[in-house]
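Undergrad: So that we are looking at the same thing, I have put the structure below in structure tokens.
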Amino acid sequence: MANIAAQRIKREFKEVIKSEEVAKCAIKLELVDDNYTELRGEIAGPPDTAYEGGNFLLEIKVPETYPFNPPKVRFMTRIWHPNISSVTGAICLDILKDQWAAAMTLRTVLLSLQALLSAAEPDDPQDAVVARQYKENLEMFKLTARHWTNVYAGGPNVNPECDEKIKRLIDMGIEEHQARVALSSYNWDLERATEQLFS
Amino acid sequence: MSTTSTSEEVKDNTSREDEGDAPNTKDEDKSNENLLECNICLDTAKDAVVSLCGHLFCWPCLHQWLETRPNRPVCPVCKAAISREKVVPLYGRGSKKQEDPRNKVPPRPAGQRTEPDNNFSGFGFGDGGFHMSFGIGAFPFGFFTSTFNFGEPRPNMPPHGTPQNMEEQFLSKVFLWLALIFIAWLLLA
């Protein structure tokens, strides 16, 4: 059983290495261990989105029952997205759950995740806070997502205003990431974020 | 990774040269190989079956997929409805092992063989009209004449408006009146 999983991952790995997406640097796949049970994926933020210019690392765990059950995928890079937990990186995507089909491959999974970054589904959220912001204040959501992409995924868009507000909270003794989460959750309203942090 | 694949390619090429299959280019061979790959294990399909939507699988692979999700049987490639009964096994000619693949576990479903149509249309009811005849005659002969018309299909009604149709309508009316007159005569006599 584990044999068919390993055999398939081997073939898929070759397929990804040869694929044109890798040539375009859109996706990447690396082995973490020698028995093909854990891999490291990487996807580029799609152009014309808040994630453009960022590179997002993914943890891929292949179950023994692969390909009859989907691989377990999680974002290792922090990301601000309605369908991805900003805390754990857990992904809410149907093909990684009940819509998985045995003919899907790691390549199609990586491409689907890239597509998820350009087309969020706020009505089926993983992170309720992000999803609410997406629906109520899309501009604020884009600003926050761009800022997170810049800080955690190496994106090019620096936002001095955000950095300044975070610095103010750090000066009050708050840890940087905690400060960023609080400000992001309260639409970068410094007063409300402070209130929440000290309540 | 790349070193192993090149060594495989080299080996492939030499074996082909030995067989004298020079004209086939490598790309063609590769695409032909991919055509016969199982969509689940990505290896050459063993005990091959094909779904009604046309996707090829090893039967053990597909069986396991159907077992994994018994309440949602869909094609792993296109998500069309699929079931154990609705896959067709592929029997090639050159298989070395002559054993019946259905004896293996899991058993591969049998091929579906449909009988050709033989135009048998029941007892003459199917063609639109019940049809019975009777006759009167001396004992042994009458027995043969008054039978149901089993087996033989009745010729189809000619289309409306054709001369043949009108003729038949006329004839059937004439015979009906003859029969009625005959019965009346029997009763009166």
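Cβ coordinates are placed from backbone N, Cα and C, and glycine is handled just like the others.
Got these off TrEMBL a minute ago, pasting:
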DOMAIN    A:4-154  domain 'UBC core'
ACT_SITE  A:Cys92  active site, glycyl thioester intermediate
DOMAIN    A:161-199  domain 'UBA'
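Can you tell me where each of these features sits in this structure?
TA: Mean pLDDT, taken over the domain 'UBC core' (A:4-154), works out to 94 on the 0 to 100 scale.
Taking Cβ-Cβ distances under 8 Å and a sequence separation of 6 or more, the neighbours of A:Cys92 (active site, glycyl thioester intermediate) in its chain are A:Asn83, A:Ile84, A:Glu121, A:Asp124, A:Pro125, A:Gln126.
Counting residues of the domain 'UBA' (A:161-199) by DSSP class, helix then strand then coil, yields 30 helix, 0 strand, 9 coil.
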Undergrad: Going by DSSP, is A:Cys92 (active site, glycyl thioester intermediate) sitting in a helix, a strand, or coil?
TA: coil
